[in-house]
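Participant: If you look up TrEMBL, you'll see 26-51, 71-91, 111-132, 152-176, 205-226, 246-264 marked as transmembrane segment. According to TrEMBL, the feature domain 'DUF1206' maps to 31-96, 116-181, 203-272.
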Amino acid sequence: MGNASEKANRAVSGAASASRSPALRVLARGGFVFTGLLHILIGVIALQIAGGQGGEADQTGAIGAVASKPGGVFLLWAGAVACAALALWMVSEAVFEARSQSESKKKLQKAGTAGGKALVFGVLAFTFAVFATGGSKSSSQSATDFTAKLMAAPAGVVLLVAVGLAIIAAGGYYAYKGFTRNFMEDLQDPGNARTAVEWTGSVGYVAKGVVLAVVGVLVIAAAVTADPSKSTGLDGGLKTLGSQPYGTVLLAVIAVGLACYGVYSMARARYGRF
């Protein structure tokens with residue numbers, strides 16, 4: 001048993017080390033570039049919605065915009081590879097954090113955060129690949145379908161409320177990072193670009209936190225009212241903000257904030273700790 005456990009530990013360590021190769025590091029940085037591009041496009045689409053135009057202000061809307069451009073298929077495949085590499089990098093981060101010598105609660109928190117990010121980037125890579133092969137599906141519809149399926153499961157309403165609370169907590173985490181600027185810990189010293197990086201990061205993290213909190217509230221509303229159509233993902237969250245009093249102004253501000261988050265993500269591709 002001891003030998004088997006030791007071999008398993010060596011295998012995990014070897015796989016994690018291999019996943020942190022220089023080549024993967026370059027590709028993972030590209031993942032942040034594409035993430036930044038998508039957030040900028042989502043911000044632009046949200047601004048268009050605030051101005052009275054149509055559009056889908058979420059990942060599928062942004063990826064669809066990329067697909068419609070010359071060389072779009074190439075960009076989609078590049079995005080799929082880069083985001084998959086970033087997901088793998090985050091998996092290795094989760095493994096290293098879980099096996100670190102730091103205090104147990106702290107290392108589990110860091111490992112969980114890295115694992116969650118790995119899942120997000122993995123889904124994003126899959127979405128890029130789906131569009132690259134000619135497929136597409138609305139993120140809003142996917143969110144509604146997921147909500148309906150979960151609602152039909154045993155204790156589905158309780159699970160949905162838990163999901164909604166988790167999304168709200170994630171939003172609070174983003175807002176906290178924006179207000180405290182501790183996202184700078186993820187970066188090497190950006191030198192002369194520090195002020196710009198801090199400003200775009202602060203605005204971007206807070207804006208994303210607000211939107212995620214609204215998305216979480218919509219999930220809970222769908223669970224409480226037994227109406228899956230209320231859970232409409234990022235696009236629905238932004239449009240809900242736009243429908244509030246002074247919503248046009250609020251949506252425009254959040255749109256600029258999401259674009260700022262995109263700029264910060266690109267800066268992280270350059271200055272991030274890898």
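The backbone N, Cα and C atoms fix where each Cβ goes, glycine too.
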Participant: Residues sitting near the transmembrane segment (205-226): Cβ under 8 Å, six or more positions beyond its termini, same chain?
Facilitator: 39, 147, 151, 156-157, 160-161, 163-179, 183, 232-234, 236-238, 240-241, 253-254, 256-258, 260-261, 264
Participant: The domain 'DUF1206' (203-272): mean pLDDT?
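Facilitator: Averaging the confidence scores along the domain 'DUF1206' (203-272) gives 92.
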